[in-house]
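What Swiss-Prot says about this one:
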TRANSMEM  36-56  transmembrane segment
TRANSMEM  106-126  transmembrane segment
TRANSMEM  135-155  transmembrane segment
TRANSMEM  171-191  transmembrane segment
TRANSMEM  203-223  transmembrane segment
TRANSMEM  257-277  transmembrane segment
TRANSMEM  286-306  transmembrane segment
TRANSMEM  330-350  transmembrane segment
Amino acid sequence: MEAIRALNELPKNIAAAIRGLFADPYSLWADLTMTLIGMILIIVVIVISALLLIVLERKIAGWGSQRPGPNRLGPRGWFQTIADALKLLGKEDLTPANADRIMFKIAPMFIFGIPILTLTIIPFGYAMTVIDLELGVFFYLGITSVSTLALLMAGWSSNNKYSLLGGMRAVAQMISYEIPLIFSLLGVVMLTQTFNLTKIVEAQAALPFIFLQPIAFIIFLICGQAEVNRAPFDLLEADQEIIAGPFTEYTGLRWGLFYLGEYANLVAMCALATTVFLGGWQGPGVLPGWAWFWLKVGLLIFISMWVRWTFPRIRIDHLMHLAWKVLLPLALLNILLTGLGIYIYQLVIGG
């Protein structure tokens, strides 16, 4: 138990040691330095996670299709992603002649930068938050909304009909599913009376909110799958219909940033679900808190990959019907039931 406690305290002690290098450990420069170090670590985690998740998803796709998947490069094919990345870096970076060059070039940066910002407010473990915001839930939802604009920028600036159609699909889909996703989080906010993600995790010390908010958890998983544009909700890049959607004209490193951004958004969405519904770093003392956090995130990522390779892509009208006529009423019903439960608790037990 002492070893587990030491591992839990390790990030906090390292941060304290770095702050101790400054004359005032809590000065502006110390805060900026710690924030910069945290963001660099998040970028490293995102890149490593994406490299691992890409080959893992190909393995899961093979398992779901009763085939071995990549099995040539490295032990059982686990070096395949490295070879693909090197090949991608060697490709020519082309820009269409009639494209809006500025928007065309900054759209991939937005897609890759958004999950970096969202992960800065996620508590990965005890005292392991880059920026502990009181309005963490608001910040997350506000920043992720920008990805809709980035996809529309990519589609419109390419000056390609297929790209524009994919961008318009992205706007329709992500705005539609963002509303029930927001409402699914309101139940947890009502229970905890806070938007601070660290306080939400601490409120789950006795019982994760998945047991108190099962409807909200299911709604969040479905909407999260749609928000990160993964099957069966990947209509914006339906290759049989519109080639690759807003990514059609992108090549080389810029296309790679979109690819990395997809997996980074997946990690960020699963990290938020773990924080809000699965107790974050809370868990039995056999592992340090940050290990429990990443195990839960890994489980949700596996579920997302399993769904992608199990269910077929749905039609656009079915997509909209599910969001507006099924998930949104369920989310509103969950808010009503949560409010009723809180009232009964305060009236009977709390009073």
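Even glycines carry a Cβ here, placed using N, Cα and C.
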Ranked first among 36-56, 171-191, 330-350 for CB pairs under 8 angstroms with the transmembrane segment (257-277): 36-56
Same-chain residue ranges lying at least 6 outside the transmembrane segment (135-155) that approach it to Cβ under 8 Å: 103-104, 106-108, 110-111, 114, 117-118, 121, 163-168, 170-171, 174-175, 178, 181-182, 185, 189, 195-198, 200, 227, 236, 245-247, 250, 258, 265, 268, 272, 276
Spatial neighbours of the transmembrane segment (36-56) far in sequence, C-beta under 8 Å, 6+ residues away: 18, 70, 77-78, 80-82, 84-85, 115-116, 119-120, 130-131, 259-260, 263-264, 266-267, 301, 305
